[in-house]
Amino acid sequence: MAEKVNVCIVGSGNWGSAIAKIVGANAAALPEFEERVTMFVYEEMIDGKKLTEIINETHENVKYLKGHKLPTNVVAVPDLVEAAKNADILIFVVPHQFIPNFCKQLLGKIKPNAIAISLIKGFDKAEGGGIDLISHIITRHLKIPCAVLMGANLANEVAEGNFCETTIGCTDKKYGKVLRDLFQANHFRVVVVEDADAVEVCGALKNIVACGAGFVDGLKLGDNTKAAVIRLGLMEMIRFVDVFYPGSKLSTFFESCGVADLITTCYGGRNRRVSEAFVTSGKTIEELEKEMLNGQKLQGPPTAEEVNYMLKNKGLEDKFPLFTAIHKICINQLKPKDLIDCIRNHPEHMDTFIMPSPKL
């Protein structure tokens with residue numbers, strides 16, 4: 001890496017803009033980082049003016065993080081290659097569907113010794129079947145290492161400066177330290193673990209479970225039912241990682257990227273909110289995205305589809321009844337009210353055992 005580490009944030013939505021507040025402040029304050037941070041912004045017109053111009057003049061992303069000032073050293077750039085070409089650290093924070101195309105644009109245009117970190121919660125379909133982790137796609141296309149950052153980090157709360165934790169999954173301790181320095185703040189505490197794949201899988205799968213929690217809220221089934229969906233969702237997350245990414249540590253699920261992120265998303269995230277409206281309004285997911293998300297995309301339904309694609313290929317749908325039911329509800333093969341029937345006889349309820357009597 002260069003003596004002064006250059007940073008580029010690829011993405012400027014709600015989460016990208018929130019993380020820019022932390023990254024920009026740290027780049028300005030810490031001597032190892034170049035003060036100027038570039039942020040790739042997909043150009044849009046807002047009231048007749050370019051979004052990049054608004055951000056650079058007012059230091060506010062009025063489209064995706066209204067009311068929050070960005071550090072003045074964060075510079076909005078509408079050209080992806082121009083934003084990224086000098087970066088030593090590339091922070092990817094865009095909807096996962098865009099990553100393959102972005103990587104094609106960046107191939108051969110970035111520093112060969114750069115590193116990446118993905119804040120993207122989702123999977124992509126692999127060619128020939130299965131699922132691809134976003135960090136793997138980035139590494140494969142750009143030939144650079146890619147860490148991941150996942151956690152119970154609702155963007156607006158991070159932007160407000162409310163205390164939270166996050167998890168960085170990084171297999172190289174040397175890179176883990178510089179990434180921790182870049183993201184750590186008084187209100188944003190970072191734990192680095194080496195179990196990167198499990199960290200990333202948690203970040204994607206919890207969005208599926210959050211859709212189930214939203215269906216429960218829409219049906220007004222109460223907190224007990226919602227708690228059951230969250231617990232069964234966690235068990236399916238653990239089982240999924242065990243089947244498809246063996247060797248991961250159970251302890252990873254008890255970091256911020258696991259159970260904490262799952263709880264937060266099932267009570268406060270956009271996947272829960274839109275899924276509740278899906279039940280109560282009778283509108284499609286696509287219609288609700290346009291109405292409720294201000295141009296942003298929902299991650300839960302496409303992730304559920306990609307996971308179902310994998311499970312179906314392996315003949316494992318019946319082993320993951322919650323994931324399967326949520327996917328089928330999202331594509332209107334099942335009604336939301338069918339969710340509970342689908343999980344009533346969950347494998348977790350069948351594996352019963354009798355506890356030995358305690359010795360008195």
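For all residues, glycine too, the Cβ spot is worked out from N, Cα and C.
Same-site candidate for NAD(+) binding, as annotated by Swiss-Prot with G11, S12, G13, N14, W15, G16, F98, K121, A155, Q299, chosen from R180, R270, R272, R273: R270. Summarising the NAD(+) site geometry, the residues cited as binding it (G11, S12, G13, N14, W15, G16, F98, K121, A155, R270, Q299) extend over a maximum Cα to Cα distance of 20 Å. Between the recorded positions K121, K206, R270, K206 has the most other Cβ atoms inside 10 Å of its own Cβ, all protein chains included. The maximum pairwise C-alpha distance among K121, R270, N271, the residues recorded as binding substrate, is 13 Å.
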